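Pulled from Swiss-Prot:
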BINDING   449, 460, 572  Mn(2+) 2 binding site
BINDING   460, 558, 572  Mn(2+) 1 binding site
């Protein structure tokens, strides 16, 4: 279902023959006890919701029902109306899959959310911890639940074609089948309480910030179509549509995108969007180059494209291009595997390589953003230490947003601010809530992960401070994380190197102590777009081996360490890939490195200088000198902030 309005009926069923069974897992064996940390994320009682859902499952002859996190566009962050997984499970993290059988319910999520999920899931649910040895994957758990020829159902608009095929193959081995259920069953349970779809106005993103006209971008895409002899490209990723057409929106919190689809063929561009979202300025911007069509007509039009192609004697072998992240429903509407070529999106690849205008904007917005952060941390220390004020985590986050909002070209936050004191910092994607969050303890570690949206760029920065006297353990852990951050920032590598290959640089010092962190080291960042952007990144994900880093990529460098129930440490800078000069040119190939653009001091009293090498101390002192040089002018009339900045950027030595 697309929002509250279903598309044309989808009745695709994949049936399979019985085969060998997977090992049986005890459903409750993998549940975990709730960790103790000072936040109040009470579990929602899901008993009635699950009972209603199971009744609908019986009516639709479904034995196991899958509820993904994503919307119809496979978005990581979604509009409130698409929060189906949170509604049915009570878990509010951004990543996870809910699986409901007629007798059991499980939630699979990754290491960022283990603590949060354990707290928010009630006793109806089993927590499946991804990547933990001995814990079944979501697919394994589904397959076990479906043994004996049972039927697994999913809304085909919420799962990719690749994921559907992979699950189908696994189910075949256990004698089960997968069906697409066009009417989303969770929506039926949610009923009138489900939030309305967003109706925000779309805005033009001027070329002075985009660096390239949308007509040029479409022309580049058509060259890709020509090279592949493709009938067209059907685009479903919201940030790709926004980037391609130089438009921005407000349909998804913190992500300046708008709910839409787009089809580009060799002769036309069609944008599928609710017309009421388009202002006269946007329509003038698009002009005659883009045809506007109703959002709901995408599936019917996709099917019509397929039918027309079948009748075209000149294009019997041409296929439609579709992102490998597009929905199963869209794939099937275009005729399925025989008529669709699923690829890594050429728009995603192009968007990840920022042009010179975008890179200049990223540098500029990070300086302004750094000024806001510096003023914030100086204010926070003064309030806690000198004034002995009582501030909770939300009070602090609100102050940071206020300071950011004063900066030129500010357009909002890029994600919910993670303002966390003491043990809350160990919850990697902690979200403080007014009334239940903690009072900031000046004698505990304070971790703040935050970011801003600016017309000329997007920021994402984490800093960890201690406003009292840190313990030796805290200082050692912080310094090991800092060494990893410096190691990645300082890397020089040949063209063709992937982020997967560089990940060890951020972890090696922790590994030597038998420590690690359960999240990626770096993710791509959009230019006044989504704060999480593919296809490049730094980490152990297989997809990070597929696309080598290239000049113009903008990514995060964010190693961390988390002591459950005690504290969390993370240092995050945004870095840009650039070509560097080396003494030698082995193989005559280009060599690459990084340029950091985040401008905010790194907490000095948490550093143990004896653990740093001479080159690491030089890096830190050079970095702090750069922060001072680029930001001190903002505080000529602010003595408190200026003195704090002077202290926090002073050179250190062993």
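Even glycines carry a Cβ here, placed using N, Cα and C.
When secondary structure is read from DSSP and collapsed to three states, residue 460 (Mn(2+) 2 binding site) falls in the coil class.
According to its DSSP assignment, residue 558 (Mn(2+) 1 binding site) is coil.
Cβ neighbours within 10 Å of residue 572 (Mn(2+) 2 binding site), excluding its own Cβ and spanning all shown chains: 23.
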